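A.B. asks: Below: one structure in structure tokens.
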Amino acid sequence: MAVEGGMKCVKFLLYVLLLAFCAFAVGLIAVGIGAQLVLNQTITPGATPGSLLPVVIIAVGAFLFLVAFVGCCGACKENYCLMITFAIFLSLIMLVEVAAAIAGYVFRDKVISEFNKDFRQQMQNYPKNNHTALVLDRMQEDFKCCGAANYTDWEKILIVTKRVPDSCCVNVTQGCGINFNVKDIHTEGCVDKIGVWLRSKMLVVAAAALGIAFVEVLGIIFACCLVKSIRSGYEVM
């Protein structure tokens with residue numbers, strides 16, 4: 001039995017929200033992949049709270065897309081079981097997203113601590129590993145920084161007096177890091193600069209997750225209204 005009256009409006013709004021959920025899902029997957037790529041370049045891979053967050057974001061995005069598809073099928077066919085399943089799974093996703101947002105905020109300093117430790121470890125490998133050297137050079141050029149705390153950190157690594165990687169220079173040229181003048185290099189450390197950048201990105205992700213959770217609450221309400229209408233139709237029949 002087809003829904004009537006105000007439920008048609010609710011059903012239409014639910015379709016709009018389902019399209020929004022699909023867009024959110026794709027966005028979450030993209031953000032998760034981007035965050036994972038960034039963390040892979042800045043933090044040694046491992047099962048830590050900070051490094052697991054992108055995986056959780058990607059998983060939630062993929063599951064949200066699947067749940068939105070179930071909801072679309074349920075609304076189209078006005079199927080009671082599918083709509084109940086949609087409402088339950090959407091509630092679970094909302095709880096996971098809120099938990100992930102809170103975890104992202106709580107563990108933001110932990111991520112910076114891991115980054116500081118791993119950056120210093122990678123500095124030790126700079127003279128021995130070309131890949132590590134390329135990664136650190138890229139980071140120092142992009143963020144206009146030098147060393148972990150400041151440029152003097154390289155004195156213990158490169159041993160040579162008055163020597164920093166060329167990527168520390170304001171104007172990068174071959175050999176510019178040898179016998180440098182302080183005014184010609186970036187003196188600020190990378191940990192603080194990249195730490196500020198990482199915190200801002202994590203706050204954006206947390207805020208986005210909370211925003212999506214609010215929209216999902218509307219989806220749950222509309223789904224429950226539609227379920228009630230479908231059930232009433234079954235009882236009439």
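Cβ atoms here come from the backbone N, Cα and C positions, even for glycine.
What TrEMBL says about a protein is an automatic prediction, not a curated fact.
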A.B. asks: Of the cysteines Cys145, Cys146, Cys190, which is paired with Cys168 in the disulfide recorded by TrEMBL?
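C.D. replies: If we follow TrEMBL, the cysteine bonded to Cys168 turns out to be Cys146.
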A.B. asks: Let's check the environment of Cys168 (disulfide bond): how many other CB atoms sit within 10 Å of its CB?
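C.D. replies: For Cys168 (disulfide bond), the count of other Cβ atoms within 10 Å is 25.
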A.B. asks: Counting every protein chain present, what is the number of Cβ atoms, excluding its own, within 10 Å of the Cβ of Cys146 (disulfide bond)?
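C.D. replies: 26, counting other Cβ atoms within 10 Å of Cys146 (disulfide bond).
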A.B. asks: Do any residues of this chain, six or more beyond the ends of the transmembrane segment (202-227), have a C-beta under 8 angstroms from a C-beta of it, and if so which?
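C.D. replies: Tertiary neighbours of the transmembrane segment (202-227) are 3, 7, 10-11, 13-14, 17-18, 20-21, 24, 27-28, 31, 35, 53, 57, 71, 75, 78, 80, 83-84, 86-87, 90-91, 93-94, 97-98, 100-102, 104-105, 108, 111.
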